[in-house]
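What Swiss-Prot records for 1-177 is region 'Terminal protein domain (TP)'. Look at Swiss-Prot and you will find 178-346 tagged as region 'Spacer'. Swiss-Prot lists 180-221, 282-313 with the feature region 'Disordered'. Marked as compositional bias 'Polar residues' by Swiss-Prot: 196-221. Residues or ranges marked as region 'Polymerase/reverse transcriptase domain (RT)' by Swiss-Prot: 347-690. As annotated by Swiss-Prot, domain 'Reverse transcriptase' applies to 357-600, with the evidence given as sequence analysis. According to Swiss-Prot, the feature Mg(2+) binding site maps to Asp429, Asp551, Asp552.
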Amino acid sequence: MPLSYPHFRKLLLLDDEAGLLEEELPRLADEGLNRRVAEDLNLQLPNVSIPWTHKVGNFTGLYSSTVPTFNPDWLTPSFPDIHLHQDLIHKCEQFVGPLTKNELRRLKLVMPSRFFPKVTKYFPMEKGIKPYYPDNVVNHYFKTRHYLHTLWKAGILYKRESTRSASFCGSPYSWEQELQHGSTSINDTKGHGTESLCTQSSGILSRPSAGSSIQGKFQQSRLGLQQKQGQLANGKQGRSGRIRSWVHTPTRWPAGVEPTGTGCAYNIASRSASCFHQSAVREKTNPSLSTSKRHSSTGHAVELNPVPPGSVRSEGKGSVLSCWWLQFRDTEPCSDYCLSHIINLLEDWGPCYEHGQHHIRTPRTPARVTGGVFLVDKNPHNTTESRLVVDFSQFSRGNTRVSWPKFAVPNLQSLTNLLSSNLSWLSLDVSAAFYHLPLHPAAMPHLLVGSSGLSRYVARLSSTSRIHDHQHGTMQNLHNSCSRNLYVSLLLLFKTFGRKLHLYSHPIILGFRKIPMGVGLSPFLLAQFTSAICSVVRRAFPHCLAFSYMDDLVLGAKSVQHLESLYTAVTNFLLSVGIHLNTSKTKRWGYTLNFMGYVIGSWGSLPQDHIVQKIKACFRKLPVNRPIDWKVCQRIVGLLGFAAPFTQCGYPALMPLYACITAKQAFVFSPTYKAFLCQQYMHLYPVARQRPGLCQVFADATPTGWGLAIGHQRMRGTFVAPLPIHTAELLAACFARSRSGAKLIGTDNSVVLSRKYTSFPWLLGCAANWILRGTSFVYVPSALNPADDPSRGRLGLYRPLLRLPFQPTTGRTSLYAASPSVPSHLPDRVHFASPLHVAWRPP
């Protein structure tokens, strides 16, 4: 007869009328009983022939592809002019006096941040914007391009100008070596890599070797480049020999040089800061490749003028035309949906390229990307704004993956010890926290995003634009990209972006200037940064509490008035060092703080209500007697694991689910097991704050017997059959708790001390978790343990009771910025379980 739920509760000793604990509890360690119960509750893992269920409520499992939804009305969020002050450390010292070693170390980590991957794979520019929304490709392309442009304007990205230079907006840092006024000229006196012959973005000409005197050759005539090309091309002139082969047989496209959708024209548009408009472009100039000396924001740079659309210079098979977008202007419309209708809407489409206020030298940066980007909703509650997702997962994959530094996540008990108090709380919102931390320019070549330009994007979409060899350079080929879809999309986008459509249709390569979210290093750096800032604030206001996890900052003070004045002082300090706060999102919590998914008050902590509601919904939808795919189980365990510390049996209750996930098997919920879990999660108990105290109760065990020392009283007992030592020690601790009621117990067993009961026989783990809930353990060495003798059957010998004080720990989220080293390996299950899984360390 299957095991009923009331019978099962009784078996687990969860009812009050259970028999004598010393007799009942050891039975739960019996393997046979555990096996029979598992069979009854269907917990062993059957190889099920019934098809697996792949969806439970909102949880999807294997073989499910969630189709993302594109929102054509997405707004691009605005980024304030974020600039973390370079003299951050100096400002902190003015605020609080000399910084501690830990604070200094953490702040130096991010000023500037560095990123050195072992290997970087470069992808073609076409992979820059991911085709994430097949039905809205053009729309997504422009919205993403606009987002990238916004980030560049906000000083968060560098724009690759040439192989060795980049431009950016905003305030420069001292480690960003600016191209000095005039250092882009040909007469390069410095022997080390300042950019010469700067054709700014296209990077067509590389710098010559030191001391080469090409300057005169360029000033002889407007056609100097044409005449001296032979001399330029000889190998003695450093690497500039590349120009000749480039002009004649273009094989690779530098960042600014794009083939049209048809591959017939190369864009050698000038990228000077004073980019000329179409009026200038359409002037008649010499059809040959002419050079002019123009004054750009970096000084006198020699640049290549764009060749006007009218003039075609045959060079091999191809023809050098200016810009794909503007070529449509001088052509006959091919249909009602020809792009030339849109291009003729405006006389002046603005510059082909924009340049930043500052130009810097960078390491060699290829015209490639290292990660793709796409847009999604900002968060489940805000679908009006978009968020840029950057996929730099290449750095976390394969055998060249970067092992990201681990950092301490505050565990639940530490958080409760620290924040469960009668303080009044408020939380601060740091806007775009990741984009505060500057990256060294040396990291730029590893973190490249961008796009290949609309023409190539469209060429990939349009099935008709198969480029045949004999078609090279024909106008028909240009119009291959015209289609009704593209026409309608561009017409709608024209309302939003106006003449920026032209700018966005050009290719671009951008590198990160601030830390991107898609790299495992970023969360670590952000956590280090905010914890150091909080440490500084705590030392400046010792009577208050400041605490942070990632970009979540909370402030606590004794009274509301006190909190308000603290808020003003801290806000002013943060603004003075360049940290941007979103003051409209400041939340005042009163005496119960909502933080990291918990509600924390003076009584302890509980999960927030929205999590409790999710759990209830999950149980409502949970099917019984149907095999559920392990991926769904993983998601269910992720949700239940978060609230497990607040239940009677804790994590051990979820062990059958963990086992099925590890074995990648389906799991069948029996009615009894579901009822058991449901009851567990319907009644949540707060996790209370630990109190300091003196340990008066000690437990010890041998495989055959147990012993307790409760004050001056000694007790002992034997087990019916020998047990594994850890199991025996756990039983002894349970007896000590039930006999004495003490919340502080001394033990010499590290497993009991860690309070992880998941490796014990299942039934025992569940029962012990409930008996020992809220108990704190103190480590006592075996030689000094007063319960050692009774456990060996010697009651006559009295060792004196130790004075063992217990001090609750706040873990590695310590109040002062002291941070012990992180253990090298945590069990795999930690990832989706809960912060509670960080073990207690013996004091």
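In case you wondered, yes, glycine gets a Cβ from its N, Cα and C as well.
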Task: Secondary-structure category, per DSSP, in which Asp551 (Mg(2+) binding site) falls - done: coil
Open item on the list: Please report the three-state DSSP label of Asp429 (Mg(2+) binding site).
Closed with: strand
TODO: Starting from the Cβ centroid of Asp429, Asp551, Asp552, the recorded Mg(2+) site, name every other residue in that chain with its Cβ within 8 Å, sequence order please.
DONE: Ser427, Leu428, Val430, Ala433, Ser548, Met550, Leu553
Task: Other CB atoms, at most 10 A from the CB of Asp551 (Mg(2+) binding site) - done: 18
Open item on the list: Let's check the environment of Asp552 (Mg(2+) binding site): how many other CB atoms sit within 10 Å of its CB?
Closed with: 15
Open item on the list: Taking only the residues in the region 'Spacer' (178-346), give me the average pLDDT of this model.
Closed with: 45
TODO: Sort out the sequence-distant neighbours of Asp429 (Mg(2+) binding site) for me: same chain, 6+ apart, CB within less than 8 Å of its CB, listed by position.
DONE: Asp551, Leu581, Asn582, Lys585, Thr586, Lys587
